[in-house]
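Structure record follows, encoded as structure tokens.
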């Protein structure tokens, strides 16, 4: 029997032989205090500098290399922020934290990402400087948040509700970098579908921007067979006052659809069949009857896949007042169909590529309840794909959908413009929600006097308040700097002027901001400050930073190649 010491002695040579191969992957590197903060600040500076150049009406664009396709040209702050990834791990941590500020602001308000980024840089930079001189970072953070609360309260006092289409157009124009055409098209869209209506942005097919209003439920599935066409003009099938049969399952047998056809025939109504598929003898019988006796029917494949298809069919059932056959939990068979199981619509248009159900006769209360359910799902989902699909479903159930088709001469131009249109649309929605304040960074400047009355608990909190006082000047200074003038002089002149006067960077003049329509949504300014202060003041409290040391790849060397050559040589003869 072997004793334990003997076993261990025998294992030693083995462990020595294996030692070079048993290396730890992903070891960590730790930096403390001023060293760590200095490196993070360099990352913050790099990201903020790249984003800041896009600010204001005379801001420049940024060109971003992409892993595929042509480079992206943009003036959208959050797009620039997201594209930055630094090689140095410590610098990258600083950059990523400010990137989070831009992302949060974009998700909550849809605009104001550049403002949030320059504010975050200012707060972090000043905070680091004060801490290096011995101030307490925790108390500085308390002072910063105290000042931010006071500024937000003051912003709410300054805020005015958006009432007219002209004001909506002004907000959209400012956010679209002074493009009045974009401002007007968004204002028109809101006029047509209502302020809470659904507005989507898509690539256009022409050189000009277009606005299309879609009423009812439109989905991208056309007729299954061209024999269903009933108009000579436009290769489409059109019905007035029709019944709708909805099925989750494939329809192949004729017997299953005869009862529905008999009901439609008895009521002298056309029938629209929307199912997973219609094929076999069911399809051939429908086509034959359509051609021989002029049967008023059209078959369409249900849109989407999996759960998305089920949800869309359920939406159609609610919008038209019908039921979905084959739905889990409901023992509804197509053979037992009754008139009340069929949906009812005022008008149906089916083309080769899409179908539209207009003037659905569904119960308004049920539709409202369904809209509420989808809105609640939207609030909790984090997936961008899910959000897109939920928004599409919401749009179809709402009164109408406005589609902004962005035109241009090339993909690069369309994509750049699309970024601005999306920003403008988000800013407009934010303005309708919480009102408007002076634009051009003036609203934040007008909040500075409100900080004078604050009573900090100690000297370090007072430093935090002073940090915010200086940060509030940064957006206006950045806009002026991008317009080629001295920012600090512009800011001082604005502070000495009456409350509605600000700097119009486009004209290079001091004007009444409200009369000129240079306004920002309150929600955008508030969110930008809150997110920037929260993350930047947390950044200043960091005393240690832990990063992963990249795994070193061993150089295989050239020895293997030589051996391989010899082996091959030996094998050849």
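Numbering starts at 1 and runs along the chain as it is shown here.
Any Cβ shown, glycine's included, is placed from N, Cα and C.
Among the features that Swiss-Prot reports, transit peptide is placed at 1-26, with the record citing similarity to another entry.
A simple way to gauge crowding: the CB of residue 31 (N6-succinyllysine) has 17 other CB atoms within 10 angstroms, across all the protein chains here. The N6-succinyllysine annotation in Swiss-Prot covers 31 (among others).
Per Swiss-Prot, ATP binding site is recorded for 75, 111, 112, 113, 114, 115, 440, 520, and the stated evidence type is similarity to another entry. Within the same chain, residues at least 6 positions away in sequence whose Cβ sits under 8 Å from that of residue 111 (ATP binding site) are 105, 175, 423, 424, 426, 427, 430, 521, 524.
DSSP classifies residue 87 (N6-acetyllysine) as coil under the three-state reduction. Counting only residues at least six positions away in the same chain, no Cβ atom sits under 8 Å from the Cβ of residue 87 (N6-acetyllysine). The feature N6-acetyllysine is assigned by Swiss-Prot to 87 (among others), with similarity to another entry given as support.
Summarising the annotation, Swiss-Prot assigns N6-acetyllysine to 133 (among others). In the three-state DSSP classification, residue 133 (N6-acetyllysine) falls within coil. Taking the Cβ of residue 133 (N6-acetyllysine) as reference, no residue of its chain lies under 8 Å away while being at least six apart in sequence.
Shown in sequence order, 165 are the residues of the chain, 6+ apart in sequence, with a C-beta less than 8 angstroms from the C-beta of residue 191 (N6-succinyllysine). The feature N6-succinyllysine is assigned by Swiss-Prot to 191 (among others).
Look at residue 202 (N6-acetyllysine): DSSP puts it in a strand. All protein chains shown were included, and the count of other CB atoms within 10 Å of the CB of residue 202 (N6-acetyllysine) stands at 14. Annotated N6-acetyllysine per Swiss-Prot: 202 (among others), in sequence order.
The N6-succinyllysine annotation in Swiss-Prot covers 202 (among others).
Residue 250 (N6-succinyllysine): 14 other CB atoms within 10 A of its CB, across all protein chains. DSSP assigns residue 250 (N6-succinyllysine) to a strand segment in the three-state reduction. What Swiss-Prot lists as N6-succinyllysine is 250 (among others).
Per Swiss-Prot, the feature N6-acetyllysine maps to 269 (among others). DSSP gives residue 269 (N6-acetyllysine) a coil state; it is part of no helix or strand. In sequence order, 241, 242, 243, 296 constitute the residues six or more apart from residue 269 (N6-acetyllysine) in its chain with CB-CB distances below 8 Å.
Secondary structure at residue 352 (N6-acetyllysine), taken from DSSP and collapsed to helix, strand or coil, is coil. Under the heading N6-acetyllysine, Swiss-Prot lists 352 (among others), citing similarity to another entry as support.
According to Swiss-Prot, the phosphoserine annotation covers 410 (among others), on the basis of similarity to another entry. The Cβ of residue 410 (phosphoserine) lies under 8 Å from no Cβ of any same-chain residue at least six residues away in sequence.
In sequence order, 147, 448, 451 constitute the residues six or more apart from residue 469 (N6-acetyllysine) in its chain with CB-CB distances below 8 Å. Look at Swiss-Prot and you will find 469 (among others) tagged as N6-acetyllysine, backed by similarity to another entry.
In three-state terms derived from DSSP, residue 481 (N6-succinyllysine) belongs to a helical segment. Per Swiss-Prot, N6-succinyllysine is recorded for 481 (among others).
The SUMO2 cross-link feature in Swiss-Prot is assigned to 551.
Ranking the binding-site residues 112, 440 by the number of CB atoms within 10 A of their own CB puts 112 at the top.
With a 10 A radius on its CB, residue 114 (ATP binding site) counts 28 other CB atoms from all the protein chains. Remark: of the recorded positions 75, 352, the most isolated position is 352 (fewest other Cβ atoms within 10 Å of its Cβ). If you draw a 10 Å sphere around the CB of residue 551 (SUMO2 cross-link), it holds 11 other CB atoms from the protein chains shown.
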